Structures are given as C-alpha cells and as structure tokens.
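Feature annotations, reproduced from TrEMBL:
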DOMAIN    13-193  domain 'Glucose-6-phosphate dehydrogenase NAD-binding'
BINDING   G16, A17, T18, G19, D20, L21, T22, R23, D94, F95, K154  NADP(+) binding site
BINDING   H184, K188, E222, D241, K346  substrate binding site
ACT_SITE  H246  active site, proton acceptor
Amino acid sequence: MPDAKPSPPTTLVIFGATGDLTRRLLVPAIINLTRGAMVGDDLDILGIGIEPGGDEMLLKRLDDFLAGLGDGEPLVKDPAWARLRQRISYISGDFTGDDIYLEIAKRLSSAPGGNAAFYLAVPPRFFGGIVEKLAAHGLAAESENSFRRIAIEKPFGTDLASARALNAQILNKVGEGQIYRLDHFLGKETVQNLLTARFANMMIESLWNSRYIDHVQITAAETVDVGSRGAFYDATGALRDMVPNHLFQLLAMIAMEPPNSFDAEAIRNEKSKVLKALRVFTPEEAATHGVRGVYSGGTLNGVEIPAYHQTPQVAPGSKTETFVALKLYADTWRWAGVPFYLRTGKAMTLRDTEIVVEFQPVPFAQFRETDVTRRLPPNRLVIQVQPDEGMSLEISIKSPGLSVDTVPVSLDFRYADQFDIGKMTGYESLIYDLLIGDQTLFQRADGIEAGWAAVQPFLDLWAKGGEPEAYAPGSMGPACAEGLIERDRRQWHALDVVHAKHK
Ligand code: BG6
C-alpha cells in the first residue's frame, strides 16, 4: 500500500450533496482528512442535488448538522471545517437531464489539474444513468495528466441479474480502473487489519486451513430496528442488505490466499477467487443451508419497539426477513469441508460484529488418566470488528493446584488500550484512496457478481414461499438459527462474553 501522502488537486463532485450520507459521513470524513493534512486546499467539493438553492443553502445545512456532531467541541467549530467550507459549492438540478452536466463541465474546465472524482451518494436507480450522462458529456474521459473516477455506493444490484446488467451498463462507458464500488465495511480499521493479522504473523497463517480449523463464524448483530427505513428495507431484507457485500468482504479477507503483493489488483484477484469458490447451492441444498427470521414487537434495552410488520411503509403480510443465518462452503484446497456460518440481524441483543475462527480439537490422549474428563474446549481466535475493536485468543491452561485440570482463558488485545484511534467515520480511508487512485478497498465487478451468485439460490427459494420465523427483539435471532448450527454439533459464539469482559 502506498505511503500516506496528500491527495492530488481534485474536484470531488458529490451527487446527492443534500442527502444523509453526505452530511453524516462524507463531510465529517473529509474534515478529518483536512485536519490530518491528507487533503489540502486543492480539494474542491462540488455538490449536486435536486433541492433548489445555491452554495449558501448547502453550507447552512451542513453547518446546522455539524453543530450537533463531535465530542465536546462541535465539528462546526473545527478550524478544518472553516478551511474546507470555503471550497464547497452547489449546483441544483436533475440528474436525469442534461443541464447539470453542462454546468459541471463548465466548472471542471477551469479546475486546476482537471482531476475529478464523481461520488454517487444517490439512490441506486440513478447509478447507471448518471454514468451514461457523464460519459455522454465527455466528463468521464481521462487524459494523460488528469483522472476521472466514479465512486458508487451500495447496493450494487438487487440480485445476480441486476448486478450483471449494472456492471455491463457502466463498463460500456468507463474502464474498471475508473470505478470505485464502495463497501463501507472495508473502511473499518479492523477489517483492514485482517490482512496484516494473517499475513504478518507466521503462527496464525500456518494454521489457517482445514487441517487445523474446524469452522468459521461471522456475525454482524445490530440492535437498531428498521425504524424509518421501512420502504427501502422491505424491498431489500437482511440477506441482500448485509450478506453479499459486508459479510462476504469479511469472509473474503479471512479465506483468500496470500496475494503476491499488497497491490490493489493482486489483492482483488485473490478476493474474487475465493468468492467465486463459494458453493452455489441447488434449491434443495439452499433449503437446508439458510434460515431467516423477523423480529416481533417488544422491549429492547428498555425501549418499546414495534414489530417489523408494524413499521411504517412495510407491506401488510410482508415476507421480508430482518435476520438471516447461512452455512456456506468455499470449495478450495485450503477450505475443503470447513463450514462458514454467517448470521446478521436487526433488533438483536447487542451491537457486535465479529469473526470467530474455531480450531480443531486436540487429540488429548495424554489427558486420559487425569481429571480432565470433559472435552477440552477448542482454541478460538475472536476478531472483534466493532465495537471494541480487537482480538482475543482463547486457549486452555492448567488450572493451579495439585491435580491436572484445565481451564479456558483468553489472551486479549484491544485497539483502544494501545492506540489512540480517535473518532473516525470509517470513510476516511475510502475517500482518500479514491483521491489517490488506490482501488484495494473497493469491489471489482467479478467479485460483486460472485457474491450475488452465492446468495441467489436463497433469494430464489425464499421468493417462492414460506416465511421468516419470529424472534423477540433483544434476542439472538430465531430458534431456527440455533438449529442450523446445532445440527452440526456446534454452537454460535456467545457475543456477550467479549463485551462483558470489557465493561
Ligand atoms: C448498511 C446497511 O450498509 O450497513 C444497514 O444498509 C446496516 O442496514 C449498516 O445497519 C451496518 O453498518 P455499520 O457500519 O453500522 O455496522
């Protein structure tokens, strides 16, 4: 990965500049980059949106929002914001018409350097059309000395066919090297650390295969309910919202082969290879390898929440799932026979994203004549992605005393204990990499399509009928999720263990 150097002069054109993503994540991240001198006074921001108004309208909205952000001193008072806000302008217009692109062209023609990055922070139905318009107006054409890049938010497609169609539409106009498909999980520090943990540590990587690893669990539990996102969520569901993107990015980092270098292409090749190796189930197999749930009404952390079916803009009789658990296989030499159990849901016990790598049991023949009568617990490596980023290694030791008995203990590392990780949005590295042209943390067309291919059998099966099983808010999901793993004589890792330790 390149050394951190300030980004080159660029105009960042944000489509959807008055939207939630821009004010909640993009602008705060750019303020953080400005404070750290990773972007300089040669970054201009040109906001585009349908809301009428000019520069002052956008700046006022951002000021108002930033007044409520920040630890202690609000972000609106940050000197970095004072510098950045001088370089923000706004054009109001319709993304589907031509006028706005003519205006963007005019602004870019006088921009120093001529570099532009277009950030599509808009609903997905606009993605393909905006790229076509940019190309039609010559705005996507790069020259020897200037770049034109396009960052696209998720969701990228709603199934395999639509993801393929969108890739085809976009790649018909611009090169893959210009496209930055975002998955914000890749901006999280601990996710980036997965590669270092694996490839900078002999004792981890040498055990990293089916010979020593029994199975892997990936969990993204959320306490939030669907709330005001009913319209989006009801058309999406937990599987589409979290699995082919966020959870598969984690899976790919865990399961990929070592890349030949830390080059974007080398890493993306290996990630795509492992995603393409995910077994694509028959309909019969899908029926036994995936379960879904939906939360009912109840209390969560002392707050009354409505059942998913009572959420505004959720269709009556909706079959959309708010929880999903899958058992998957990556059919490669390294992972033959090792199940990857994935689960994610809303309105669960606690917010926790973690990866658990459970090792094979020891043969333990030497304990036969001792007091160690129970099965030794397996070693586990628990990678805590959020919150409380860190890692724990669960091992067995002899408990003190005259008899031979073992007790499991945990060797713990927490980022916050050793580093000042500050308050980052997770978007800093993604925006910075977009500006310097490093595609490592962005998804490539083939990887996206491989992810959708692996979940398509579940989408097809669940579209045909049946319904998700109810679970109580504040639980760990429906009973069928326990059944999925217990059938294999395994258990989900108890999430509260890690958190309880750090309270
Ligand atoms: C988004 C999903 O992509 O990721 C949301 O649409 C989900 O439903 C969110 O809540 C989770 O991200 P994070 O960073 O809060 O774990």
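Cβ coordinates are placed from backbone N, Cα and C, and glycine is handled just like the others.
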Restricting to the chain of the residue listed as 'active site, proton acceptor' and a gap of 6 or more, list residues whose Cβ falls under 8 Å of its Cβ, or answer none.
D183, H184, F185, A220, T344
Which of the listed binding-site residues (E222, D241) has the least company, meaning the fewest other Cβ atoms within 10 Å of its Cβ?
E222
Which binding-site residues of G16, D20, K188, D241, K346 contact ligand 1 in the sense of C-beta under 6 Å?
D241
Around the C-beta of T18 (NADP(+) binding site), how many further C-beta atoms are within 10 angstroms, looking at every protein chain?
20
Residues H184, K188, E222, D241, K346 [recorded substrate binders]: greatest CA to CA distance in Å:
20
Rounded Cα separation (Å) that holds between G16 (NADP(+) binding site) and K346 (substrate binding site):
27
Roughly how many angstrom lie between the C-alpha atoms of T22 (NADP(+) binding site) and K188 (substrate binding site)?
18
Tell me, roughly as an integer, the mean pLDDT over the domain 'Glucose-6-phosphate dehydrogenase NAD-binding' (13-193).
95
Same chain, 6+ residues apart, C-beta under 8 Å of the C-beta of K346 (substrate binding site), given in sequence order:
E222, V224, D225, V226, A238, Y295, Y308, T322, F323
Neighbour tally for T22 (NADP(+) binding site), based on other Cβ positions within 10 Å of its Cβ:
24
Max Cα-Cα distance in Å among G16, A17, T18, G19, D20, L21, T22, R23, D94, F95, K154, the residues listed as binding NADP(+)?
21
